[in-house]
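Look at Swiss-Prot and you will find 24-814 tagged as topological domain 'Extracellular', backed by sequence analysis. Summarising the annotation, Swiss-Prot assigns N-linked glycosylation site to ASN48, ASN148, ASN306, ASN307, ASN347, ASN368, ASN450, ASN511, ASN630, ASN681, ASN754, ASN775 (among others). Taken from Swiss-Prot, the feature domain 'Cadherin 2' applies to 143-252, supported by sequence analysis. Taken from Swiss-Prot, the feature transmembrane segment covers 815-835, and the record attributes it to sequence analysis. The compositional bias 'Basic residues' annotation in Swiss-Prot covers 866-877. Per Swiss-Prot, the feature compositional bias 'Polar residues' maps to 984-1001, 1011-1035, 1198-1210. Look at Swiss-Prot and you will find 1186-1197 tagged as compositional bias 'Basic and acidic residues'.
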Amino acid sequence: MDLRDFYLLAALIACLRLDSAIAQELIYTIREELPENVPIGNIPKDLNISHINAATGTSASLVYRLVSKAGDAPLVKVSSSTGEIFTTSNRIDREKLCAGASYAEENECFFELEVVILPNDFFRLIKIKIIVKDTNDNAPMFPSPVINISIPENTLINSRFPIPSATDPDTGFNGVQHYELLNGQSVFGLDIVETPEGEKWPQLIVQQNLDREQKDTYVMKIKVEDGGTPQKSSTAILQVTVSDVNDNRPVFKEGQVEVHIPENAPVGTSVIQLHATDADIGSNAEIRYIFGAQVAPATKRLFALNNTTGLITVQRSLDREETAIHKVTVLASDGSSTPARATVTINVTDVNDNPPNIDLRYIISPINGTVYLSEKDPVNTKIALITVSDKDTDVNGKVICFIEREVPFHLKAVYDNQYLLETSSLLDYEGTKEFSFKIVASDSGKPSLNQTALVRVKLEDENDNPPIFNQPVIELSVSENNRRGLYLTTISATDEDSGKNADIVYQLGPNASFFDLDRKTGVLTASRVFDREEQERFIFTVTARDNGTPPLQSQAAVIVTVLDENDNSPKFTHNHFQFFVSENLPKYSTVGVITVTDADAGENKAVTLSILNDNDNFVLDPYSGVIKSNVSFDREQQSSYTFDVKATDGGQPPRSSTAKVTINVMDVNDNSPVVISPPSNTSFKLVPLSAIPGSVVAEVFAVDVDTGMNAELKYTIVSGNNKGLFRIDPVTGNITLEEKPAPTDVGLHRLVVNISDLGYPKSLHTLVLVFLYVNDTAGNASYIYDLIRRTMETPLDRNIGDSSQPYQNEDYLTIMIAIIAGAMVVIVVIFVTVLVRCRHASRFKAAQRSKQGAEWMSPNQENKQNKKKKRKKRKSPKSSLLNFVTIEESKPDDAVHEPINGTISLPAELEEQSIGRFDWGPAPPTTFKPNSPDLAKHYKSASPQPAFHLKPDTPVSVKKHHVIQELPLDNTFVGGCDTLSKRSSTSSDHFSASECSSQGGFKTKGPLHTRQCNSHSKSDNIPVTPQKCPSSTGFHIQENEESHYESQRRVTFHLPDGSQESCSDSGLGDHEPVGSGTLISHPLPLVQPQDEFYDQASPDKRTEADGNSDPNSDGPLGPRGLAEATEMCTQECLVLGHSDNCWMPPGLGPYQHPKSPLSTFAPQKEWVKKDKLVNGHTLTRAWKEDSNRNQFNDRKQYGSNEGHFNNGSHMTDIPLANLKSYKQAGGATESPKEHQL
């Protein structure tokens, strides 16, 4: 109903006339170009047939049949059961339907059709007139894309020149409505003149004076528009040529001329002679005749115009029936200004040249051109509808219709020129079995023309034979999605009887609810829309029964196969497919199968699958739907993949559908737990003895990147808790104290914690070491870390919770043995040396002493050079060791901890942190005169105890400290050497200082200026870690250039590598409190020498830059008693006395030590790594920032002025020339004795 309301402009206009209650007329109005199946009208509703049925008491079902010629393509169709009128697939084009006709009004374009209503008891003949309204389906067009106009240059302003008008096949408001001059110039304008016939002619107006010499051509665009919706338009190029002057224009004698010419006029017949005059002379008076642009192309084809004479002639045969009136516009132009215009109307008169036409349309369907009637059929049985027509007009078009000979049939007039063929009397089969007669149609022209149509009628006998179907099994095929009332086939049966006995009635059997069968004709139609997906085949029976008495019948099987159409899109079994695969699935493994169905058949159900979204991670088999992976899955990187799958069938056009696919990657337990806390396997937690049971003493925390149970972690202590002192929460990882610590529990406890996930079928685990130090305080951090390092060599299954004390006792025993052995060796060496010295002759000693005394008092450069030459010739001892402290210790068998036996190389930051930590105690004053020569002092310390004192409350280190300090002759004095790696000095400087790492603990009180190492971090709160300085293996304290002190002596101590702690902790006592306001220095009193005197070094052992070498002597200069000479003695011993070289056994040179790093800790960039333990277990070392280490190593505790050297802060200087006791700034006691290290 909506479509009808939309397209149908007017429903039922009128019921024009009823003739004998059987002829009625309906008028409908529709738009052209309607699509198929648009309802036009409803015959029973519009005629109110249901009321008529009720009045007459008729209850039989009515059949509506469109009466049409065989082979015609109907523009409309009529439902046989409902009487509804619909459009067909044949497009109704108003311009084509009414081509060549001139209509004053839009509604004059129409077509007619007839519909009969059966059965005969309620016969109706319905004449339907359908008026076709115009739609704007054509754009107006100019006759040519380029329009040329010539205008004289002397044309006056506002002169008008006609422009060929555009044509539009549409009519009314859909036709040409408006002209517009585009990109026109101000020289011209445009005006529209409307003719009495309603045509619109454009005219070009000259708005400015023209000058051909300045510009002879103007090119513009002209646009034409119609008034339809949507509006259509077109454009053309308008080219104006300015021509030379021509004063007078041609003039027609008659502007409007009307002529008549018969339609049978031969070719060449003159229609009219036009004549125009021109007042000019010569060439300006030459007139040329042309057709105007408004002349239709069909008219130009029928008539010819002589361009010179103006004669119009017939050039093709005329047909009044096609076009009765031709309007011709003729222009007369002399090539100058506006041409003259004349309109010629040519009326084509009719002649009787067309015979009548008979349109015979059967009401009773003929069989092979023959109408079968029963001999008992009543009178006035309607056989056919006959329509006669003649294309001629007036008398020539008046037609009469009659039957040629006497037969029991007659024609009954229904409308003008329309008749019904009926039986005029009862039929007698026994009298005549068959009738064949002609229907004649004749016009009234002179001479008269006629037309005939042959009608065959056969009568049927009594019923003695049953009807027989032509085919016992009728097989049909029909496409699904058909329309209701679709004609399928005509089921026919024959009966050898005649008359009533041969009148066959068809009836459907059971299981035929989808079909309608015409009882009379056997026309089988579809009463419903078929759906092949619901039912593909219908099998039912059709019964043909005659009207005999008794009636006879027969049956035929009808098999209707429904053909498939692609009306079903592929359907996925799920709108969203979800597949679950395990991670680490190999590449090209099957992930899942996409299932899709299509209810169609054949190619329409051939489904092809494809992946959308350009997903390259998966491969989809387009036919089987198997999804295979193109990658290996890793759930930790991506847990799911989502893409769309498209299914396309093979129909035309193809149909498709999509579904969503999600690939969920199931977790596989392929990741071990990762320890977050503790940050490393070498950190520790302090457990005070006052801790109460149940308190948390440490926290173990780990994460697992897997999910589900694979990420659920369980914490257990697998080793190190044999006493049951600690308990770990299996869920949180918190380590709590089970019972209050006893004194026997004091020490380092190593707990091996196993962190395992709950993965199935295989659980993964990680081991981590948790060190708990049970004590009231953790004052000596280096001691604790040394214990931790020792435990790294211990198998994980061994308990070391109380192993610190045995290590300590063992170290004390080792130290004592080493001290006793060292003392015995020194005593033996001294004894042997004394014996060797005593062998020298007294005479040789006296002479040498006299000579050396002279040089002592007044040394000269020449003697020094000579002695240097002698010293070069003589093999001097190469075994003298540089002044250094050697610390030997054993490290774990680790890639990071290598055995260390070498000299400590301190970076700049360690120097800054270490120097100034300790006071050296009172410095003895020098006893040498100013500018006196400096005797080399030889040191040999083989004391069984270290050369420095430990505070009583300092715990003894578990390391084995073996300290040996040697000062050979050539390395006694420290000069301003730039390269510290030389480990020797070439000149004297003002001050002697020494420093060590955690093992030495030496510190000066004044600020020192040290070299900087760029690789060190300057952060105060970061533990000092070893970094490589590019050019130094030791440390060196620079000289204060502005020092006002007198010449002094500097002694530099080179310590072997081995400290693993920064200088924040001496390693020999308690650590300094963090944030202490004042620096706590540990005085390091030097051990008094065994005797008051010392031996002087020979002058030839000194370097050129040597100065005073005895800042500590307090007695007058003079030789001491000479001991017995040894084989190592020289002549200098007679004067100066014996030196250490006389009795010193050969040793390692100062450079013959292995180079080792300062610390066994890995650099910061290597702090996260795996360490292998003794038993093969792997520990995760994640050195971040250990709170314990930071507690002991915070650089802030050293004061803000550390590491800077300026004029305002001086080092402690000891004048060499002052013979009095020197008192340090710290107020230490005086000491005139020599301090021996």
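Please read every residue number as a count from 1 along the shown chain.
Cβ atoms here come from the backbone N, Cα and C positions, even for glycine.
As the structure is a computational prediction, the values presented were derived from the model and not from experiment.
Taking the features listed in Swiss-Prot, we show where each one sits on the structure.
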residue	record	Cβ contacts under 8 Å, 6 or more apart
ASN48	N-linked glycosylation site	none
ASN148	N-linked glycosylation site	GLN239, THR241
ASN306	N-linked glycosylation site	TYR289, ILE312, THR313
ASN307	N-linked glycosylation site	ARG288, TYR289, ILE290
ASN347	N-linked glycosylation site	GLU258, VAL259, HIS260, ILE261, ALA324, ILE325
ASN450	N-linked glycosylation site	PRO355, PRO356, VAL440, ALA441, SER442, ASP443
ASN511	N-linked glycosylation site	PHE538, ILE539, PHE540
ASN630	N-linked glycosylation site	LYS587, TYR588, ASP616, ASN617, PHE618, VAL619
ASN754	N-linked glycosylation site	TYR715, THR716, ILE717, VAL718, HIS765, THR766, LEU767
ASN775	N-linked glycosylation site	LEU686, VAL687, PRO688, LEU689, VAL746, GLY747
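In terms of DSSP helix, strand and coil, the domain 'Cadherin 2' (143-252) has 3 helix, 55 strand, 52 coil. Look at the glycosylation sites ASN368, ASN681 and count other Cβ atoms within 10 Å of each Cβ; ASN368 has the fewest. A strand conformation is recorded for ASN347 (N-linked glycosylation site) in the three-state DSSP classification.
Between ASN681 (N-linked glycosylation site) and ASN368 (N-linked glycosylation site), the C-alpha separation comes to 110 Å. The average pLDDT computed for the topological domain 'Extracellular' (24-814) is 86.
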